[in-house]
Structure formats: structure tokens, C-alpha cells
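Report on the structure given below.
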Amino acid sequence: MSLPYLNLREMEQAAAGVLPPAAFAYYTGGANDEHTLRENREGYARLKLRPRMLVDVSHIDTSTTVLGLPLAFPVGVAPCALHGLVHPDAEVATARAAASLGSLMTLSTMSHRTIEDVSDAAGGQFWFQLYLYKDREVSRALVQRAEAAGARALVLTVDAPVLGRREAIIRTPVHIEPGTVLPNIGPRVPGSEHLDDLQYFDSLLDPAITWNDIGWLRGITGLPIVLKGLLTAEDVALAVQHGCHIWASNHGGRQLDTAVTALDALPEIAEAANGRAEIYLDGGVTRGTDVLKALALGANAVFLARAVLYGLALAGEDGARHTLELLRDEVRLAMMLCGKTQVSELGPELIWR
Ligand SMILES: Cc1cc2nc3c(=O)[nH]c(=O)nc-3n(C[C@H](O)[C@H](O)[C@H](O)COP(=O)(O)O)c2cc1C
Ligand SMILES: CC(C)CC(=O)C(=O)O
């Protein structure tokens, strides 16, 4: 299907016209005054590129690998809850879109579709994002299912021991269709009727999660573990000590407002990791030049959340694919204009200081 949108911002604007109000509030919103949400985007515009000239750019290779998995271009899909709020095919559509382009799907714990269905749709090329429940046995079972279904890594989200204050969804709460059972959550426990759907999910999360739980997780899985939501050198040093990889993120400005952006934190993160772990990043990426900047400062790949959801809302699998295709083509063009022919050539000298 050919879609008319020229860039991710146009898709966002178009999606705003079709999203039901609760999904709009949930997808677009950030925490508190949304300073971090805005800064995630604005930070990219402030960083200036130092392009090199008179380089033969007639052949460009955008491919890379993450944890040994080949990617056609250095962009994956970040975990997002509840794709089914905007499209009946939900995470299966997103996973198909990502797989069709050689990208990578990260499946959220809070999905509408099962891990097994998404694995099939992704051709086995997917990561599973884990929220640690108070009930560790439920988490253990999820990890085992993800591993059995062929997940290539576990992404443990560590910046949400409790959900941030997102005022848009306090006003317009998300409602999951009555009768829908989210496969990784199961039926509601009696006595939780006073909580809306997200508050209920929040009540399952364990605010007591610590570094000791990384040892527990390591003990129950042989999969690589990626910690999502790290923003400081101190935590990166601990992550490396625990044998984990690093996903720099402030959760799309949805958790701690005024937290540093992943882009600003990236230099200290890369320095602390010192090549001992892979580094991924998300937050506010909407242009190919954003991807180049993140890679130049030390990320191995970047991930997109909202932009993919907007594509899904507009046109299901085709829409999610359109989002990823636009960015893939922009990455290629930006590399040509920077005089870079391979992803491995993107280093700090690309950034003007
Ligand atoms: C609607 C929505 C749902 C999300 N759900 C999850 C989730 O289930 N697990 C998680 O680790 N992060 C979740 N995130 C955070 C994203 O993975 C990502 O960190 C963040 O949105 C930044 O990317 P973006 O600026 O491209 O949206 C969610 C974000 C959005 C917008
Ligand atoms: C179900 C939520 C905890 C998912 C999430 O991470 C988010 O909404 O940002």
C-alpha cells in the first residue's frame, strides 16, 4: 500500500486525527509538565553534524548487528504496551512489518497478542521486554515462554518500579475492551475493581526490584539481558558488572520528568561501558539524522516507539512498515550526505562541538 506521508511528523499529525481519545492520551503523553518528552526531540536538533566531502558514496551499507542478530538498518521497534488499542492485528502486525524490512521487534509484557503469535509473525527475530511482577513465579513463567518461543534477548525495564504521573491518562483513562484477556497478565484478581486498567497493571509491578533481581533473572534464563532505562555512568558500571547490555532511555518522558535525555547521557554511558556491553537508545527519534547522531555518540542501534504506533494506527502492518521505511531511507541519505558508507564509520568526529 502506498501511503502519502513524507515523514514521521506527518504521520504523527495524521494519527492524531484517527486515534480514539484514550489511545491518543496514552500514546502521546508524558509525565508531569512533559519537559523531558519535549527535550527528547529538541536535543537532536541542537546537535550539529560535521559531514565529510569527496567520499565515494555510490554504495551505502546500512546494515549492522545487535547481539549477533543481523539488522538491515540500525533501527528496531521499542516495546509498547497495548497495540490492540488501535488495530485488531496489534503486535502481530507490527512484528510482521519489522520482519519484512529486516528490523527487530521488541514485544512488551503488556501486549494484546501472545508471545508465540508474535514470534511467528517476527520469523523468530524478536526480543521480549519484561516487567518484573511482585509474583516472581508469574515472571518466571513468562521468561520461560519467551525463551521457548525463540526470543533472542530479554529486555528488563528498570525505570518503572512504579508508573510516572501521566496527567493526560488520569483525565482520559485507557479502557481495555471488556472480555479481552491480556495474555501475559491474565484475568484480574478480585478486589481490584476500583483500579483502571493501567493502575491495575501498575499494582502488579514490584517497586522493590534491585540489582539482586538481575542475579535471579540470570539464574532462570540463558538469554542475553538488556537493562532498559539506564541514564548514568554509575548504573552502566553496575550493569556491566552484572553482564548486562544497556538500553539508554527515559521511557519517552513518561516516567521522571526533567530526567536527562538518553542522547545527552550517551557520552557518559559509552565511556562507562567502554566497549564491554552493547548500547541501544530510544526517545524522540524521528529523522535519519537523529539515528546517525545516536550511533556517532556510541549507540549500536536505536529504537522507535510512538512513531511505529502511529503507523499502526493509520494503516496496520503497512503503516508500521511505512514508518520504518521512511526512517531507513533517511538513514541511507544522511549517511551519503555525511560521507559515510558503513555504520561502523559513524563515530564522535561526526558531531560538532
Ligand atoms: C504507548 C506507549 C507504551 C509503552 N509501553 C512500554 C512497555 O510496555 N514497556 C517498556 O519498557 N516501555 C514502554 N514504553 C516506552 C518505549 O519503549 C520507549 O522507551 C519510549 O516511548 C521512547 O520512545 P519514543 O520517543 O520513540 O516513543 C511505551 C511507550 C509508549 C509511548
Ligand atoms: C503498561 C505500561 C506500564 C506500559 C508502559 O511502559 C508505558 O505506558 O509507558
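Glycine residues also receive a Cβ, built from the backbone N, Cα and C atoms like all the rest.
FMN binding, as stated in TrEMBL, involves Pro79, Cys80, Ala81, Ser108, Thr157, Lys228, Ser249; the candidate among Gln125, Gln129, Gln144, Gln241 given for that site is Gln129.
Of the residues Arg96, Arg166, Arg171, Arg306, TrEMBL places Arg166 in the same glyoxylate site as Tyr26, Tyr131, His251, Arg254. Neighbour list (His251 (glyoxylate binding site), Cβ cut-off 8 Å, at least 6 residues apart, same chain): Thr157, Asp159, Ala160, Gly164, Gly229, Gly283.
Taking the centre of the Cβ atoms of Pro79, Cys80, Ala81, Ser108, Gln129, Thr157, Lys228, Ser249 as the FMN site, the nearby residues of that chain (Cβ within 8 Å, site residues left out) are Ala78, Thr106, Thr109, Tyr131, Val155, Ala305. In this structure the C-alpha atoms belonging to Ala81 (FMN binding site) and Tyr26 (glyoxylate binding site) are separated by 10 Å.
Screening the binding-site residues Pro79, Ala81, Lys228, Arg254 for a C-beta under 6 A from any atom of ligand 2 leaves Ala81, Arg254.
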